[in-house]
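K.L.:
Before I ask anything, let me first share the structure, which is written out below as structure tokens.
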Amino acid sequence: MDKIIKSISKNGHFRAFALDSTLTVREAQERHQTWPTSTVALGRTLIAAQILGANEKGDTKITVKVLGDGAMGPIIAVADSKGHVKGYVKNRELDYKKASTGEVLVAPFVGNGFLVVVKDMGLKQPYSGQVDLITGEIGEDLAWYFLSSEQTPSSVGVNVLLNEDSDTVKIAGGFMLQALPDATDEEITEIEHNIKSMPSIATMLTRDEPLKTMLDNIYGDMEYKNLGEFPLAFKCDCSKERFLEGIKSLGRQPIEEMIAEDHGAEIICQFCENKYEYSEEELKALIN
């Protein structure tokens, strides 16, 4: 089971999340049938959305949009505070790796553009923040968002490692570390050093207690408190009824055309690839 551990330093100067999102990203890859570069980019965006969702409470929904001008096209992920996330990438069929190392290349195919974060708290107007993509690697871009839009110095790491023989998802996860208002410059320097010198996310996620290992490495000698473990999962809230309401909102003429030309309708959810079919009778009931 995927999960996130939330923590805070005992002096209250830092907080950190550590996530294992392997099953989440694996399910996204299987549902969307993405190729390696697209899998890694979508996976990183899903993990980023899970990090942002874990920051929230109640019924708040977070939408993360990576809007670059590269061949990848838009990457969209939607998460809630309960650990659920869904998402898609426009171009699923990108497969580029460094010839020397086999490393999957992401940034060149994301390109230049924007990271947009939309918070929907159920109020009249959702909150929206936007920053330039500074690397296109997504983790660094999310850290830049926290600093620019929320004035919170942060370090974010997100990683998706694929199996070399099959390009399926081997491991996926990440972390977020934030300096809180009372953090001193010396403490921030110490934490930065810890993060720069710790093993890769993929390496830590293969350890016996992966998320504890990640937090131990982030905090180093600083004592911290575990605030709890929470489950994570790929979960879409689409339904046949919800899409039927969408069809109804189109109005009489488009529905009559569906009946006359196709004798029904088929809708595939963009976020999860679930397919919904509507009979001629179901469509007629919408306009009678």
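The backbone N, Cα and C atoms fix where each Cβ goes, glycine too.
Annotated disulfide bond per Swiss-Prot: C236-C238, C269-C272, in sequence order, evidence recorded as sequence analysis.
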K.L.:
Quick one: give me the count of other CB atoms within 10 A of the CB of C236 (disulfide bond).
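P.N.:
Counting Cβ neighbours of C236 (disulfide bond) within 10 Å gives 17.
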K.L.:
For C272 (disulfide bond) and C236 (disulfide bond), what Cα-Cα distance in Å is obtained after rounding to a whole number?
P.N.:
6
K.L.:
Write out the long-range same-chain contacts of C238 (disulfide bond), meaning residues 6 or more apart in sequence whose Cβ is under 8 Å from its Cβ.
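P.N.:
Result: C269, F271, C272, N274, Y276.
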K.L.:
Over all shown protein chains, what is the count of other CB atoms within 10 A of the CB belonging to C272 (disulfide bond)?
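P.N.:
Summing over all protein chains shown, C272 (disulfide bond) has 19 other Cβ atoms within 10 Å.
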K.L.:
Return the count of C-beta atoms lying within 10 angstroms of the C-beta of C269 (disulfide bond), excluding that atom itself.
P.N.:
18
